[in-house]
Amino acid sequence: MNVSKNLSTDKLRYKIKVSGLPRFYSLLDPLLQEFLKMINEELKLNCIHARYSKKGNAWLYLTFPTEFEQANALKLLKKYNWKGRSLISTLVTADTPKTNTNLTYIESNHATKKPKLDIPLSEQVLMSTIPYHSIEYEEQLRKKSEEARILFQRFGTIIQRKQPPLAEWCAMRKRQLNSDLAFELSPIIQSKKIDRYRNKCEWSVGINPENDSVAVGLRVKDSMDGIHYVGPPDCLRNLPIPMITLAKKFENFVKNYGGDWRLWRNMIIRMNEAGEVMVSIVVNQLVLDFEKLPSIKCSISKWFKENITENVVSLYFQVYGEKALADCISTPNEAELLWGQNLGAEELCKVVADLADVNENTTVLDLFCGSGCLALTLAKKCKQVVGIELIKANILDAKRNAEINGINNCEFIAGRTEDILDSVLEKLKGCNVTVIMDPPLTGVSPGLVRTLRKFEEAINLIYVCSNHKLPLKNLLDFSSVVRYWQKPIDSDPFLPLRIVPIDMCPHTLRSELVLHFKRFSIDEILSIKTDRPSRVYSHRKFKTKFHPRTSETTSNSQPSTSGVGGLLSYLKKIEERAFQEGLAKGLERKAFQIGYSRGLQSTDSDNNTFNKNSHIYPDQ
């Protein structure tokens, strides 16, 4: 069976996607090989090709030679139990070669060329939105807990490989916790609402591929020349009924409006716990005739007043595109309120409050604070809160939320975090600071990590992330003790102590992870005793791992300058010099090749040349 990760060369038709597998990081992963062997030998499925799209994923694409064998595989693996896991399988739309097609529009009709869909549309919507919809909730929690454990087992392995001085710290933590993890992993916190829990949804305007008509729903295919292929939302159990009803009403409005349907981009809906709804209608800049803008707004307001009976308290209008926003709306980052009152969403996070453990002497620095929900949770328990957020509209919401809740010890600053963090930290010198951050899925920049590490007043760090997008680079940067050439870093690290998984989105693959980091002294970490021989990372002489396979050995006396002993001395000095320049590994391999693969030996002239220049690279 061919196993590959090349997306462009895979043009076979009959595929299924198997989800719920253990995460695997290479084609030689034993669990992956065992699963593939089980597919062909035990289940007798004729799988001719398997691929994964990215290392660390928990799903696999299997290809079969005929449609009959594809259907048979789907039937057997639809909900198959393997090693205590419930695997989920679904059909996959056949890959189609990319072609340079020019799409044309005739009145309200979309292009005649559209992708062939060989999966029921409702199943596409379910698998792209809530792939765990058919699994019992208790099993969903088990799967997500295991996902978190696997992620941090890998993180611990990476830490010890890339940061050897932390190996003993990790071993000490494992002994303290009596666990195979160096970090305390708490039981997953389940969602209070399993169904109808979503408080935000974005409906796209596009084409329903089953009936070839304009529709409002969830995207099931990537856009192609401005077209979105969407599916109906009726089957989604995670959405409140008012969200689904509003989508259907907006679809009728788009169909009856006339003109080019591509004018309407999407509809955004937010709900709070009181059942109040905020609706935002977004139009496309490229299709918009700005002279008709007042008429468009009037049509939306009229439709809203005549047809909407849900508990909508505010209706917004927005033009998609920077130029359009600057021309039509007073500020380029804000939508225009057509009707109703401003609505700010607030969400309390008890887990963050528990991990932060703030008191009346604590200053909370909330980076990427959004509308301030995390910061405001802690405001009444701490001395002060400083929040930083890029989007000005969110800052206005944060200030409004603080005012509504009677909180007056908060300061919210609009701007790019990397640009204004230095000035904020300067004002916080001398304070006892706890940092909270809920950054984008891509994480934060290395420069921001360095700035926080050098800010000695920051003792605790709370990092919120999604488990399937664990920002390993950020976590390693916070935890690093030595640089890659093994020189100690000049700032104390933040090391992770506890991870709390929270299931905020039942029926999806996703759960939130709240990480508690604490500041540790780098000198304390480097001084941890070890019973195993290892490299020395302080300012002491580098010890080589180079051990040639020879019966001759070097003694404490000066080796000869000829023969194998002289060569070893010469290579060792080269290695010491290379270590100072950060090239130890490369030159070690090269020296081995030169000295033994090719049978070369050092000469007296080589040693003399080295001795003349050795003062440039003195031993530490």
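Glycine is treated like the rest: Cβ placed from N, Cα and C.
Automatic prediction, not curation, is the source of TrEMBL annotations.
These come from TrEMBL:
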- Phe368, Glu389, Asp438: S-adenosyl-L-methionine binding site (BINDING)
- 360-427: domain 'Methyltransferase' (DOMAIN)
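Here the features listed in TrEMBL are painted onto the structure.
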residue: Phe368; record: S-adenosyl-L-methionine binding site; Cβ within 10 Å: 19
residue: Glu389; record: S-adenosyl-L-methionine binding site; Cβ within 10 Å: 24
residue: Asp438; record: S-adenosyl-L-methionine binding site; Cβ within 10 Å: 19
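Take the mean position of the Cβ atoms of Phe368, Glu389, Asp438, the recorded S-adenosyl-L-methionine site; other residues of that chain with a Cβ within 8 Å of it are Asp366, Leu367, Cys369, Gly370, Gly387, Ile388, Thr417, Met437, Pro439. Per the record's binding annotation for S-adenosyl-L-methionine, residues Phe368, Glu389, Asp438 show a top Cα-Cα distance of 11 Å. Each residue of the domain 'Methyltransferase' (360-427) gets a DSSP state, and the totals for helix, strand and coil are 31 helix, 17 strand, 20 coil.
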